[in-house]
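The structure appears below as structure tokens.
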Amino acid sequence: MATVGEWSCVRCTFLNPAGQRQCSICEAPRHKPDLNHILRLSVEEQKWPCARCTFRNFLGKEACEVCGFTPEPAPGAAFLPVLNGVLPKPPAILGEPKGSCQEEAGPVRTAGLVATEPARGQCEDKDEEEKEEQEEEEGAAEPRGGWACPRCTLHNTPVASSCSVCGGPRRLSLPRIPPEALVVPEVVAPAGFHVVPAAPPPGLPGEGAEANPPATSQGPAAEPEPPRVPPFSPFSSTLQNNPVPRSRREVPPQLQPPVPEAAQPSPSAGCRGAPQGSGWAGASRLAELLSGKRLSVLEEEATEGGTSRVEAGSSTSGSDIIDLAGDTVRYTPASPSSPDFTTWSCAKCTLRNPTVAPRCSACGCSKLHGFQEHGEPPTHCPDCGADKPSPCGRSCGRVSSAQKAARVLPERPGQWACPACTLLNALRAKHCAACHTPQLLVAQRRGAAPLRRRESMHVEQRRQTDEGEAKALWENIVAFCRENNVSFVDDSFPPGPESVGFPAGDSVQQRVRQWLRPQEINCSVFRDHRATWSVFHTLRPSDILQGLLGNCWFLSALAVLAERPDLVERVMVTRSLCAEGAYQVRLCKDGTWTTVLVDDMLPCDEAGCLLFSQAQRKQLWVALIEKALAKLHGSYFALQAGRAIEGLATLTGAPCESLALQLSSTNPREEPVDTDLIWAKMLSSKEAGFLMGASCGGGNMKVDDSAYESLGLRPRHAYSILDVRDVQGTRLLRLRNPWGRFSWNGSWSDEWPHWPGHLRGELMPHGSSEGVFWMEYGDFVRYFDSVDICKVHSDWQEARVQGCFPSSASAPVGVTALTVLERASLEFALFQEGSRRSDAVDSHLLDLCILVFRATFGSGGHLSLGRLLAHSKRAVKKFVSCDVMLEPGEYAVVCCAFNHWGPPLPGTPAPQASSPSAGVPRASPEPPGHVLAVYSSRLVMVEPVEAQPTTLADAIILLTESRGERHEGREGMTCYYLTHGWAGLIVVVENRHPKAYLHVQCDCTDSFNVVSTRGSLRTQDSVPPLHRQVLVILSQLEGNAGFSITHRLAHRKAAQAFLSDWTASKGTHSPPLTPEVAGLHGPRPL
């Protein structure tokens, strides 16, 4: 327990003697410094510290009471009060010519303060004030032997930056508030004090006084005298009730704004020689201030048009008030008032602008700046509204946030601005003097492009995020409909002929008579009349009923998905009946997840029955998903014809693979079908829980409908694969007909008499009445065309990268850089965008291909391709896929397509194609877009990068050498052919001769339904020594028609590069290698 002569430390509770100022254990000060104590330093503690013993003496004492030390003030200076713990330098005696200054009254604008200062009989020189202020900041006002702590008055060494006792800073960061600006809202005199009412100072407007009295000039003998310091008192007459506006940050002192000519005082009212009627003085004052502070202008304060001005409002009626009275600080928020609709406040610099102004007059910020919805990156510039924020700088002059971070203003010759702290450093300084940021970083940030690398996202996390954002929009729509008592109508897909999309004279178009909501629809199934409408009601695959549309590819995929009801529920974001008729469906269109908003108005006939797909027992999920898909592709008409694998990819967004069971009738030279490998893939897919479907009697097969129907099968129909079993060497599959009827009646069917007893009890073949049956694998291969596998991984990661297929080698080549952090299994899927839209100008399918390489990135991001690790087959389809197991490292994924390459420049041979539609121009105004979907079992990083023009040639050469057929034509020459399974032909020739040229002629004029990247089916080339070249790439043009390729190769050695007698004109390549094809077909060094 502490005695009378002891005190307890607030930090360590040690009992210290009463005369000790700090704790002897932890050196904590006896009294914890607080804000009120610091603020009172400028109000009531008007003492000066002794430079020798640090004792604080009253202002009236000329010598220290303790040690007798007498300071040596400047001539004519008086002891001044200590303001905020800093001894101000006494003002020097100014010798101004007589008549140079006049009495001046009015508001004096300071940093964050608006105070009214009485006239002092002379005008203070502003340059001298700036000099004094700068000297105070540099420490000129401190004693030479050290400095006094403004908190505990201890005299510290000159090199110390903080007090050694209390830890206080050498200089306080509080604003310097002169006594004249302090607010005393009400004066309450304590006991023993007599307050004398103060008369208004001369020069201030008061009762019966003019607001602007005429200025009087001083006489010739009038000498300037130092400003008289009024006797200090907390209740001095110089203290006026002036509120101190609360600023959002400390800023340099604002300049007095230029006064319009009509409101300017006469020249005799101010300092002589000051420029009148212009803002030149303010601009130069700002430049001098910035050069003195050595700080660059902040981005939000600098404008591209010049120096702007942010006024601090001369009236503070609407501002928050901070009152400093005695030992208290009182904060009074501004009282609420009626909103001011004549002005708006800038969100960036807080300047109030007129309502009609679309931009801030100070910083140029848009009136709507800062209002951006959460979601995908904005597609319009927030300032000018131009499409694509990347080229926005060319349309409105504004820069993106990434460019703002790289641009630092202003920089002067011989200086550079630090991007971290904005300090202006000398050009010879390699690091910032304040924060040590290297100067090299400035140059790197100027030329660096914004980072586009991103991590893959968990599949389930992505779905939950998309649903959360979609539900917020849905709730707003439903709330609006409820308030206005209306039902939702989707104006972007209106109930009309355009949404149906069939030709005007088509029978389907004519049968659509009306669009009805569920409560208005007549049910076509009699047993469902008493059922109530719902989105789901214990959904089953057999609930699906096809309508007039030929979209069985989609319904077959939906039936396969219905084997897992949880997957169907993930497709429907709105899972319960909505009285307002607004529903949301989440689909993956062309590899991109999209949440589609639709209403519940469905096309019906004149009897009120649904015409398109529906579900039994008055369920809406089939009709709503079909309508959402029709909206995505433009109309119901666009949903006709397709493959079940496309539907699975659209509904799940998962990687899908199709296994062909039959040889291609359009290309007999394709690789033979390996039934054992397909069986192994089906077994592993079943164990992994993947979805599987099978196409019966379609595609490449010649079908006899009567033969199929006699066996209980339906040709050109999709079945779901429920189970795959290998029982005692017998390969069996269990399938389901989505119709719920028509089952297989051959061997291993329910009524087959040769069932082994133990297998009948184990496999329980009793579902033929519901369309479920067992089938032997041999019969399955005989009657079915293909197997579609949907690899649904609920715990995998996914990333999707958009890009485009260049239509020539002169366009930038897009490559996706892939960073694998730990060993992972990856699936790649490449989708062509807009391949199904009915309104597309050129929606023909491309010959898609994926190539995965080991890669290295050198200095400057230079990409070097390594070994080929995986690839897909080149196929004219809506999407292709491949899978690979990758170790940690850097990889590059190249996506390519060639059958859309445009014709060469004028003056060169016209493009030559041998196809049924050779006369149709294939060049598209814009390169076709694509989406690369990356699925991985572990976290990976993806980044789209721009490769060199020759990267595509290097990728094709590595592919052909790795997977093509090798042919040694002659000594030192090697030819590589890639044709089987590649939807065309690729020919690469290698010349290993150290000195001789190799002349090669490739003739493919007898080919059919192919197009050449060279623009001609006949080429001649001269390959230099120790080089190799991609001679030609032939690509299948029409995917639904067969193609044939014949090629003849002639070659010879030559001492010169010219082709001589092979061409009419002297040259090394025919057709010539124009910039459009040189990047792909130019010779490459070995």
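Every residue, even glycine, has its Cβ placed from backbone N, Cα and C.
Counting only same-chain residues six or more apart in sequence, the Cβ atoms lying under 8 angstroms from the Cβ of C552 (active site) belong to Q546, R716, H717, A718. If you look up Swiss-Prot, you'll see C552 (among others) marked as active site, on the strength of similarity to another entry.
The annotation active site is assigned in Swiss-Prot to H717 (among others). Secondary structure from DSSP puts H717 (active site) in a beta strand.
According to DSSP, N737 (active site) is assigned to coil rather than to any helix or strand. Within 10 Å of the C-beta atom of N737 (active site) sit 25 other C-beta atoms, taking all shown protein chains into account. If you look up Swiss-Prot, you'll see N737 (among others) marked as active site.
The compositional bias 'Acidic residues' annotation in Swiss-Prot covers 125-140.
For 223-233, the entry in Swiss-Prot reads compositional bias 'Pro residues'.
A mean pLDDT of 88 is what the model gives for the domain 'Calpain catalytic' (487-793). Per Swiss-Prot, domain 'Calpain catalytic' is recorded for 487-793, and the stated evidence type is sequence analysis.
Per Swiss-Prot, region 'Disordered' is recorded for 111-148 (among others).
Positions annotated as region 'Disordered' by Swiss-Prot: 199-280 (among others).
If you look up Swiss-Prot, you'll see 299-321 (among others) marked as region 'Disordered'.
Annotated region 'Disordered' per Swiss-Prot: 1064-1086 (among others), in sequence order. Residue counts for the region 'Disordered' (1064-1086) under DSSP, helix first, then strand, then coil, are 7 helix, 4 strand, 12 coil.
Feature annotation from Swiss-Prot assigns zinc finger to 3-32 (among others); the stated evidence is sequence analysis.
Among the features that Swiss-Prot reports, zinc finger is placed at 44-73 (among others), with the record citing sequence analysis.
The annotation zinc finger is assigned in Swiss-Prot to 143-172 (among others) on the grounds of sequence analysis. For the zinc finger (143-172), residue counts in helix, strand and coil come to 0 helix, 6 strand, 24 coil, using DSSP.
The zinc finger annotation in Swiss-Prot covers 338-369 (among others).
For 412-441 (among others), the entry in Swiss-Prot reads zinc finger, with the evidence type sequence analysis.
The zinc finger (44-73): residue composition by secondary structure is 0 helix, 6 strand, 24 coil, according to DSSP. Sequence-distant contacts of the zinc finger (3-32), counting only residues of its own chain at least 6 positions beyond either end whose CB sits under 8 Å from a CB of the stretch, comprise 151-152, 165-166. In the three-state DSSP scheme, C552 (active site) falls into the helix class. Of all Cβ atoms in the protein chains displayed, 18 besides its own lie within 10 Å of the Cβ of H717 (active site). For the zinc finger (412-441), the DSSP-based tally of helix, strand and coil residues reads 2 helix, 9 strand, 19 coil. Using DSSP to sort the residues of the zinc finger (3-32) gives these counts of helix, strand and coil: 0 helix, 8 strand, 22 coil.
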